[in-house]
Each structure stands twice: as structure tokens, then as C-alpha cells.
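Noted in TrEMBL for the protein shown:
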BINDING   Val148, Val293  FAD binding site
DOMAIN    67-370  domain 'Glucose-methanol-choline oxidoreductase N-terminal'
DOMAIN    485-626  domain 'Glucose-methanol-choline oxidoreductase C-terminal'
Amino acid sequence: MEGAFCATGAHSAWGAGAGASCAGGAAGGGLGGALIASLLAAVLDARALLGDTGAYPPDVASPLDAYDFVVVGGGSAGAVVAARLSEVPHWSVLLLEAGGDPPLTSEIPPLFHSLQGTAIDWAYATEPQQHGCLGMRDRRCAWPRGKVLGGSSVLNSMLHVRGNRRDFDAWAAAGNTGWGYDDVLPYFKKSEDMRRPVLGEGEGEDGYSARFHATGGPLTLDLSDHRPPLVDALLDAARELGYRVGDVNGANQTGFTLQHAAIRNGTRCSSAKAFLVPARDRPNFHVAKFAHVTKVLLDAHTKQAVGVEYIKNGTSRTVKANKEVILSAGTVNSAQLLMLSGIGPKDHLEKLDIPVVRDLPVGDNLQDHMELLTPTFMFNRSNPQSKDPVKELEDTFQYLLHRTGPLAGLDILQFQGFINTKYADPSADYPDVQYQHIRFAFNDVEATRRVSEVTGFTDEVYKAVFGIPNSKAEIYMPLAVLQRPKSRGTIRLRNKDPLQPPVIDPRYLSHPDDVRVLVEGVRFALRMARSRALRRFEVLPSEERVPACAAQPAGSDEYWACAVRHLATTIYHPVGTCKMGPPSDAAAVVDPRLRVRGVLGLRVVDASVMPAIVTGNINAAVVMIGEKGADLVKEDWLHAGSD
């Protein structure tokens, strides 16, 4: 879950319950939390046990006047592109990143939720929604995005899901030559270093085969170090319902799994750590941090990108690109930058008095996965477990000394799966709902409040969904995630000021089929909760109802449809605003080689180029786009004799 939460509250949060310290409460939560916070700070400062964080490329205070390639954005794709291009020793590469280095707290896997709303988060929000986000304050859904070296791979939950074969084959069938599954699989494998299990063990559709996986790449993938009993029960429940348990990044995707995550030796393996740290000492590679790019510089006569304008230390500067400018600023910022530079919908740009360089549908085709945080299930009702400060302290020592234990993994979030609802072809391996799970210790007000506040729920929604059930028992919540949304949104400029956030309108749930699929997602969650495997946990759905939906019959499709519109929120997977497509596709912004149509020397290489969203968490696919995009640049400038 790209945006899954490990809330502030050590044993709780989107992933930790009693006896499985999440350490989110290190910043608060009484004597135990304060002690843990002090311990963490002291040990981390004194011994730098988490390593690597001081190994990021240094900030170049005074970049050169010109480079061969200027890469904008050092996130999930941009870090890959910049590092791979700098492998060519006679090319000079500048990476411009609006943020700085990842903080130490980002290294500890369960603490990812505590990073939202901090200085490394762009902290965007949608426009008020008409059909969704109705249970949020002002009907706005929060949109965290990484403003840091490594981008959203520093904020996310590290789960590594590639997508479905049919996702990529559909891209190719739409005219995007070279983007079918068999074309992109080598790029997934190129970046991969799978630590566990050993490849070849359990060969077959459920095993981890070298046909689909690799070792030796820069991006480390591993299983969570700690597996709570509830995870084993959920795996048994999946088998009981007839689902396979195995690799969802291999031959088949439908089924359930213990999900690999971008974790190295118990710490986050962001794209910055994986790709930029090894490149830091290359003499042809510079990184400028806290450099906010405001515009792509275009030659008025040739329509060629010749550089960028950016602000660093309060001063506006320019840098030239001898070969290409590559935008890897993400679905929001790449679209915003193109429009600020005169590339976008003509009518929109003219209204803002921005000279039109190219009339292209930039900002259209916005897609995102939505997750539904309901129903709430109470468990261990006869003996609910509260947070245990002593256990938290033990877990913290174990982690700091050995990088093992609950703090080295993702608790029950490691269990996830994919199913076909009745709206998908039951005979096809093309699931339309993804499942993840979160849990909270008994009466963990701090953690549940933190989750509610960051998500944006109103107080009355908080009480019904979290507060009242959690005051009675431990709770867990299945997260049903819509995989192929039919709703489409837009991103537009608010004004000409490049420092102002753009207008983000995903138009969530504007297509009724999206609601219907999520209602089916609820039905499956209820079915799983009734399994024999979960009986020993005394699982029972909460009787609390969403207040605005109370007029609907309890448990009816009408009630759950109302709940979907009030409770479903982003899972932080926005894509598609600079759509890739062939010349015949009027909705395309870039061609299959990721070149902006009608503009020379300008590419977009990030999640915004996806024609359609992939099935599952998007970060793995974005890294793949970075890998393939870098190779496309190399092909055009090296193998074609251009350099």
C-alpha cells in the first residue's frame, strides 16, 4: 500500500498491534513512547546504526552552466534515470531535486506514515469532490507526494508489486511498441536484488522462479522479518476460500501472498539509496538539492528544450541542457511544469496568459487507485491487548542492535492479495480488487487519531470507524483497493505562480462502476472474516455505522455504496497526466520513446506517462519506467550514432 499508514503510536498503526511494535509512537504516547524516542535519537546519533544515510550524493552549491542531460526530480523514476545516464562517463548529468536527503526516520520500515505532512511531503490535497471523499474535511482527499531525494519511494510502504501482464500488453496493443509485458520484464529484473527466498525454491506457478526474478540489481527486495500470528491466520483464510498463496509478481497475480518490500537489512531501500548512493562519486554526475524547477526553457523558433529555470536558496537560476531535459517530477509536478512552460491545453494556457508552445492534453487522463477503509473488525474481544511499553523497548533494542524484529518489517501489511469480483472475468488472471490489512492495539487513541487526521476524516467518521470499535477491542481493517478505476480526472494550473500547488481534481467515483466494484470488495472482506481460520481471533464486524449512511438498511448494497463514497480515499498512486501513445492517439502527450510530441530534446519519464494504471502498487512499475526510459535515451544518443 503505497500510502499505508503506520500511525504514531508504537504498537499500532496501519500495521502493528499488540506485541508487534510499530514504533510509530516514538514521538509520543506517554513514558514508554518518550523513552523510545530518546533511545532512538541517542543511539542513531551516536552510532549511525542505519548507515547509508550519509552516503547520498552531496549537494552541488554551484552547478555548471550546462550539462548534457538535466533530470528534473530525483524520485522513483528520476533517481534511476540520472544514475543510469551517468554510467556513460563522457556524459555530464545534473539531477535537480526540490527536497533534500531522506531523514533517518524514513529508514525504519514501520515509521513511513509519520513522514506524511512533514517537510519531505508536498502535502497536496484534491479539490472538493462531488462523488467521493464525502467523509473527509471539506470533501478533500489528502495527496502526499515525496519532496525528497527518492521521492515517494521514501514516503511509501515499500511494497513491491509490478502489475499484471495484461496491463503492459494493453499498453502495447494501444500502439506503444516496446511496452508489452515481455518487453518490460527484463527491466523489472534489471533493478531487482531479491534476498529471500533463494530463487529456484518452489519452482512453479506459486514459487519464485528465476524466469521472473533476479539477484544482483541495485534495488533490494526482502520479506518482512517478523510474522505475527494474525498473518498466518489470514493466509489460512485465503487458502480456505480457495485462493492460492504464492508469488504475485510471477506467472500469476490472482491470489494472496507475503509481499516482498524494498527493504535492505531491516531498512528502507528507496530509489535514492538503491541508485544514487552507488553513483555519488562519479565525476560526471552532480545533484542540486532544494532546487525547485519552475520552467522548461524552450527555443521559440526550433521548439527545442534548451534548459530549465529553477530556484535555489531563494535565487532564480538557469542551467542549459546540451542534449535533453528529462522530466521525472511525477504525475503532479511533471504536468504542472509542462503547462508552466507553455505545453498543455491551449484554452487553459490562454486563460492564464501563458504563451502556447504546443497544444497537448497535459493534465488529462488522471487515474488513481482508491482504497476503502472498512468494514472495521474487532478481534481478541475477550482478552484485548493494549500497547506494552516494555515490549516496545525490547523491540527497539532488538532493531537497533540487529536490525531484526517487528521494526524491521511491515506487520500484517505484509499480507496482501488480489481477487476477481463478479465484475471481472472469473476465468482470467486479471483481478480488479487488491487487499491489504491494518490493525490497531486496544484503545489506541493516539494511533487511530493520527490516521484519521492525516487521512482527513471528519470527527463523526472517526468515531464510527475507529474510535468506538477500538474502545471495545483490538481492531483490524481490510483495505479493498480498486484496481481499474473508470473515473478520470485532471490536473490544471491554479495560476502562473510556479510555487503554488496545482488544481488536482481526480473526480473520484464519478463513474458508478467504481462504487459497485468496491462494494463487492466489502462483501469479500466479510466473507473472509467468517472463515474458520479467523475464528480463534474472535473476529466480529463492528456494528457502528457511517452516520451519513444510517438511513440505508444495514449491510445492504445501498449502505455500502454510501460508505464507499464517504470512506474511500486515495492509496497515493496517481498516474497518467502525460499519457504515452502513438501518433494516432490524440490523448497522448509523449510517444512510446517518451519524447514530448512536437518538442525536441524533452522527455517525460515517470508515472505520468502510464496510459492506464497498473494492477497493484505502482512504485515497481515506475522504477521500471525509469530503467527503460534511460535505455531509450542511451539508444537514441549512443546506438543511433547521435553522440
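Glycine is treated like the rest: Cβ placed from N, Cα and C.
Confidence for the domain 'Glucose-methanol-choline oxidoreductase N-terminal' (67-370), expressed as mean pLDDT, is 96.
Within 10 Å of the C-beta atom of Val293 (FAD binding site) sit 27 other C-beta atoms, taking all shown protein chains into account.
Cβ neighbours within 10 Å of Val148 (FAD binding site), excluding its own Cβ and spanning all shown chains: 29. Sorting each residue of the domain 'Glucose-methanol-choline oxidoreductase C-terminal' (485-626) by its DSSP state yields 49 helix, 20 strand, 73 coil.
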